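K.L.:
Structure in structure tokens, see below.
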């Protein structure tokens, strides 16, 4: 059977919760400044010292008329008296706090009223306590204080218990728990859930089994609260109180050992902390427990302790009533009938004074009144809501009307703005169309002039009507104008690349002064021809090397100088000035001609724009040179400025940041000067090699055949598909294939893929001719497996040199012959280990051989940065003996392992050059695994027939 003594116990944990979890928020700057005083008052342990300090604080508050602070001090002192068990004193201070508390500080206002309600109940006036609690509950609902409403419901739930209205107690505590959960307020959820547990502990069923079920449910709730995560949120007072009540519920379930253990633990903690109210509760429960176990001597001992602990005047009356009843049983069991009678009489007198039955009826009426008031409040709220809805509808209608007017105005302005933009766009399109028309006319003029100077002298040479001296002059004219035509084409290609965003910097170490002087000298004859005074001032250290994209800088400088000479009249001057300091190159060109017409100045860097001078079209040009110069300068991280004096001349200045570099002798590129033309030596062979030429342009095909014809037999195909057909039907395989990149039906890339996928043709070296000079297409060709490529236009000597070089390399792969001492030593070493030697003719390779060779190349590339990569390392990685590796590489490629590794290194070096990411010969040499740049340069020239400095 559940015990009947604990249901009259007030639950002091609820008051602790109010104090620890509901610290008042600041309602004003002054209140915020007072908070340290409240914290200090809370920390004082001695009640007399606390009272003296509180009196001084209330004196200050009264002097400053700070009622909010005074209420907070009085409430804090009331709570401290409650914890010390002096509940009547606590009620007095709570009343004082209630007189000065204000809704302006909602937390203190509600805390004070709930404290009054609790203290009234604990002093026997539960009806008065409920009346106060319901009144403050209505206040919280009126003001919308959701969290404080939870506190009021917890208080009401606790006050229903002493008058045995357990159903209402559970109802209000459950509502509080649900609302706290909705607000995700952990502290209040613990408070409400604890009260739910106490309600179930008080509840009585139809029989003992049903009552035990309620008790078990209460135990479950308290066990959850005393475990994580809730246990971490509990204060010491609240935790001790929960433990004591858990012991009470264990006792009700007749789990006496568990009850005694946790009650003793709770008592020890309460005694240590001097929480008299909790000590009295725990001692009373231990007395009750020993009465039930018929350990009357122990029960009497606990009775003596609890009765001596606190006088009746200062005790909670329901708890004191419980103590008297249990003491009567203890003394009676110990056969001390005199004391048993004494405490029985005390219990009767106290019980009569509390009038519990009358209070129960009154409290039920209070609940009904609250429900009625609540309905009236809801009805009033509905009326208010209807008025608010009506006002809201009117407000929305006004807002919609105003919004409609604003939207209409915005729409009209938008249409007007769109009309203006459309008119401006049409004007810009018309201007652009006009610019493009002028641009096409200018380009046509610029192209036709050099074409005339090519076609005219060429026709004279064909007619044979010129002297030998005139022949030489005509040929020079044709060559000079061919270069000019190429320059125009390259400008147009640059515009396309800039628009596509495909331009990137190709940095290389360059002697800056030599570069500036070379650019200057290239225009000296043009200036002399026009009788223009042409000067250079170069404040640059002769030994200074910088990292620069030479081609792009040349185009910037060439545009500046060529424009200055073009627009400067005879007997005027053009001055070039170049200075370098603090990492910045300043290159300027100044003339004293007529300058730029003021209306043209904002557009001088626009593409296709042709300026006017006195309403006359400016002389010549495509209108894209300065646009390219500006974009190249910005690509290099710099800028271009123009200073103009109409009628006196113009000054163009480029500011370009450059990084100084230190280069070794081996890294210094070929001097920027005229290079002697190398002598060409044809491929040495008793039989003229056959070369397959795939080219769709008949004249280009005839030209290439005329270049190769004196040294090689040629077989001509009109496209890639035709080339494959010729390979199938020809009795002799070509020693080399020269293919154009862009052809109908099957282009050069597709032909290259088919050749490298066919074991019959994959070993034939391929040179690709292409006008696609961007890095992306070069890398594509290298990835497929092209041996070399030439960018159009090219000269005959370059094509012959590349052809001879590839044929010489191919002949080395096709025989057993060793080409250098290193390879000879390697071959002799292998022959010593294998007397069978090697066949003197190449074997046909199976698909398995090609797969194995691809794996070998991947392995070599993994270790390519290692300068000492050798046969032993490769044999370990490939899981094959050195002798077998040597023989297999030789049989498939015709190369020794060392030469094969060297070939892969050179291929990687070529890929690095074409990527544009590396600036110096040393960087590329070390990337590919060569020991020195000089040795790398020598091997590169032998393999590709070109100096590496010409590619950087």
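Heads up, the Cβ atoms here are built off N, Cα and C, so glycines get one too.
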K.L.:
So which range, 785-804, 805-824, 825-844, 845-864, gets flagged region 'Disordered' in TrEMBL?
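P.N.:
Comparing 785-804, 805-824, 825-844, 845-864 with TrEMBL, region 'Disordered' matches 825-844.
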K.L.:
For the record in TrEMBL, which of the ranges 387-414, 415-442, 443-470, 471-498 is the coiled coil one?
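P.N.:
In TrEMBL, residues 415-442 carry the label coiled coil.
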K.L.:
Which whole-number mean pLDDT does the model give the domain 'Histidine kinase' (442-660)?
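P.N.:
Residues in the domain 'Histidine kinase' (442-660) carry a mean pLDDT of 79 in this prediction.
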K.L.:
Just give the helix, strand and coil counts over the domain 'Response regulatory' (690-807), going by DSSP.
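P.N.:
Computed counts for the domain 'Response regulatory' (690-807) are 53 helix, 24 strand, 41 coil.
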K.L.:
Within 10 Å of the Cβ of residue 740 (4-aspartylphosphate), how many other Cβ atoms can you find? Include all protein chains, please.
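P.N.:
If we count other Cβ atoms within 10 Å of residue 740 (4-aspartylphosphate), we arrive at 23.
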